[in-house]
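Novice: One structure, pasted below without further comment.
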Amino acid sequence: MSTMTPAEIVSELDKHIIGQAKAKKAVAVALRNRWRRQQVGEPLRQEITPKNILMIGPTGVGKTEIARRLAKLADAPFVKIEATKFTEVGYVGRDVDSIVRDLIEISVKQTREAEMRKVRTKATDQAEDRILDVLLPQPRAVGFGGNADHANDDNNATRQTFRKRLREGQLDDKEVELDLEQPSAGMDIMAPPGMEEMTEQIRSMFSNLGSGKKQRRKVKIKEALKLLTDEEAAKMLNDEEVKTKAVQNVEQNGIVFLDEIDKITSRNNEGSGGEVSRQGVQRDLLPLVEGTTVNTKYGMVKTDHILFIASGAFHLAKPSDLIPELQGRFPIRVELDSLSVEDFEAILDATDASLVKQYQALLATEDVQLEFAADGIRRLAEIAYAVNEKTENIGARRLYTVIEKLLEEVSFSAGNHAGERVTIDAKYVEHALGEVSQDEDLSRYVL
């Protein structure tokens with residue numbers, strides 16, 4: 001669990017997301033409250049439930065990114081789902097319990113990886129021993145007393161020499177023949193609506209049939225070391241312990257991001273055709289958000305302390321169009337701001353993995369030095385903002401389209417410009433995008 005203070009969390013989020021201070025503050029406090037709850041003694045700890053968050057704002061302003069980065073900071077099981085994918089029980093589509101099943105699968109994978117990291121050093125040593133046994137088979141004991149001891153000393157010295165060469169990568173390209181565990185054969189089964197759990201159990205049953213069998217394979221030592229390390233680490237894990245920790249991790253630290261929640265609201269001016277199913281999804285979500293117990297193949301999972309972050313643009317609907325019970329389960333409401341030209345400018349250049357840095361790194365692989373002048377970045381931001389205003393406002397995602405169109409020619413002919421420097425200034429941007437951005441009909445289709 002993260003022990004970062006709210007200010008530290010916001011500072012980390014600032015490295016990747018521009019603006020949206022209110023939303024960052026809300027999620028930072030929610031994450032810190034989880035740590036605070038763990039410091040409270042029982043039985044009061046069980047009574048403290050997370051305060052779920054409703055983010056309201058247009059597309060492309062950072063709602064999903066805030067939740068995703070938060071989960072990464074907390075090292076918590078995180079699942080993003082779209083509310084429109086779910087239907088009321090009895091209708092065709094996924095039922096809401098599958099959210100928890102997806103979350104527990106992610107948690108098991110995370111927990112297994114964390115446990116394997118703990119035993120990685122020991123597993124690597126054992127994997128090296130297995131490779132050395134193939135490269136240097138133990139000599140048969142011949143003779144008596146001193147001769148056998150002398151042979152063992154020589155063999156140990158040779159093993160140490162080979163182990164050193166193995167660790168330095170000098171033997172990476174040499175091939176060895178090994179008995180490796182055969183991966184269980186995957187089996188795809190089409191799941192009827194609402195039968196995902198039964199399908200998962202059948203798939204698990206069939207996958208276990210082939211497990212444990214050994215297969216003789218010829219592989220390079222570099223790959224063999226990785227495969228054997230994973231195999232040895234897996235042997236050291238206690239599967240029941242992994243499952244228990246994974247369930248506990250979901251119950252205490254799980255984060256569910258419910259996107260497009262505004263699309264399942266009831267609107268008074270519509271016919272009653274789709275209303276039943278929409279309200280049904282809200283009513284099915286209600287016990288999950290309130291706190292219930294869901295049966296999964298890893299055991300019963302309580303959702304009382306899972307943090308739910310819902311988001312929606314709410315262009316046509318209002319948060320008050322949600323059923324009252326569900327509204328009450330999202331006490332923290334945060335409105336995200338639309339992005340300005342200055343925000344676009346910062347997104348292009350100021351974040352840790354900005355678009356400018358990404359494209360510079362990509363073209364550097366072909367020895368093309370890409371430089372963005374300040375006026376070029378400003379003009380790019382202005383064009384992206386203008387196209388959003390004229391056509392559909394898709395927020396920061398517009399920058400991907402604009403910069404891709406801008407660098408289309410450079411990317412295509414990068415091989416012919418090795419060792420050259422390409423400077424993107426306002427004049428270059430205007431030449432590449434000016435005509436398209438001015439023509440509204442053209443920008444509607446191209447940008």
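Placement of Cβ uses the backbone N, Cα and C atoms for every residue, glycine included.
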Novice: Hey, Swiss-Prot has ATP bound by Ile18, Gly60, Val61, Gly62, Lys63, Thr64, Glu65, Asp259, Glu325. Any idea which of Arg130, Arg167, Arg397 it lists too?
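Specialist: The candidate from Arg130, Arg167, Arg397 that Swiss-Prot ties to ATP along with Ile18, Gly60, Val61, Gly62, Lys63, Thr64, Glu65, Asp259, Glu325 is Arg397.
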Novice: Just counting, how many other CB atoms are there within 10 A of the CB of Ile18 (ATP binding site)?
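Specialist: Excluding its own Cβ, Ile18 (ATP binding site) sees 20 Cβ atoms within 10 Å.
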Novice: Other than its own, how many Cβ atoms are within 10 Å of the Cβ belonging to Glu325 (ATP binding site)?
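Specialist: I count 14 other Cβ atoms within 10 Å of it.
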Novice: Using a 10 Å cut-off, grab the number of neighbouring Cβ atoms around the Cβ of Glu65 (ATP binding site), all chains included.
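Specialist: There are 15 such Cβ atoms around Glu65 (ATP binding site).
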